[in-house]
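To start, the structure under review is shown below, and the notes come after it.
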């Protein structure tokens, strides 16, 4: 009985052979695309990874949506950007400030060197031989009537230069045998006292123009018909002969349309006089505060302000060394027939060096116009002139006098009132 079972077992291998022949049907099934498509879900049988229903867990793990974390580092980059912007801005600002300061000091040093390096001369100086006689404007406008009364410095004459006036003058002292006027390239007409006495009709009151800080001013007519203003300095005005001669040599070369020009001078014993061009239309003070005077219109006031400012700026900036006026006020601003301003009475102004910060001297000026620091300390700078000119501008704008005694004690000063 056991033998047949092996026979059956031997026949059992045949079905695998039939199974081997079964490949054709799959081929036929291959020809039937639709079933495979339907069986496509069957491939989902790989879904036995359906046990990998774990995919649902991954969605829960969706909280791992890392997008939120990336923004958190991004938020950290924002402050770093702002910090960089601040640092760049501060750097640019500091560099700009450094460039500005460097440019300022460059131009300041260049201007200072240019002023120190310029020769001692003023613009508009007549171009003539320094040994040939007076400047061209004197040669054209004045003919000496009497050779024994008027002399021109054509021959060398030694005038010592006072060291108290300016170290610049003493350092440029001419060689022995030459006058300062010859050394500086100009000359002055010297009048005798007798000639000026005749020109003013004995300094009569009819020819009296006014009284300045240093003395009386008379109108005079020279023998050639030229009208001049003769300032007769008071005795003891603080000017020695040497200082007087040195300063008139300096101011003789100051030529500007808004400055009163010096024509000549006279030294006779204790008498000292300065001869200026005559300006016919009185002073700014007269037109602002004179009785019965019409109100000055605004264009005229502006013209006077600009003209006097140009004259003062010429003294401070274009003269080398600079000239400080020391007494800017309405009565020292003269007006011609067209109301063009001319600054006067700078004939005895102190001459200061650019290297000096101030000139210490006795206080000179007019109360109401004086700068407070100058009045209290006596230290003189061009800023003192600027303060006084500011008072003149207030006077032009308001029409008030610097010191108005008709007002109460607290309002009598125009500066304090303003």
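Including glycine, each Cβ sits where the backbone N, Cα and C put it.
As annotated by TrEMBL, ATP binding site applies to 231. A sphere of 10 angstroms centred on the C-beta of residue 231 (ATP binding site) encloses 25 other C-beta atoms.
Annotation source TrEMBL lists compositional bias 'Low complexity' at 1-21 (among others).
What TrEMBL lists as compositional bias 'Pro residues' is 22-73.
The compositional bias 'Polar residues' annotation in TrEMBL covers 129-141.
The compositional bias 'Low complexity' annotation in TrEMBL covers 161-179 (among others).
In the predicted structure, the domain 'Protein kinase' (203-418) carries a mean pLDDT of 85. Look at TrEMBL and you will find 203-418 tagged as domain 'Protein kinase'.
TrEMBL lists 1-77 (among others) with the feature region 'Disordered'.
Per TrEMBL, region 'Disordered' is recorded for 117-141 (among others).
Feature annotation from TrEMBL assigns region 'Disordered' to 161-183 (among others).
Taken from TrEMBL, the feature transmembrane segment covers 84-108.
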Distal contacts, the transmembrane segment (84-108) - CB-CB under 8 A, six or more residues away: none
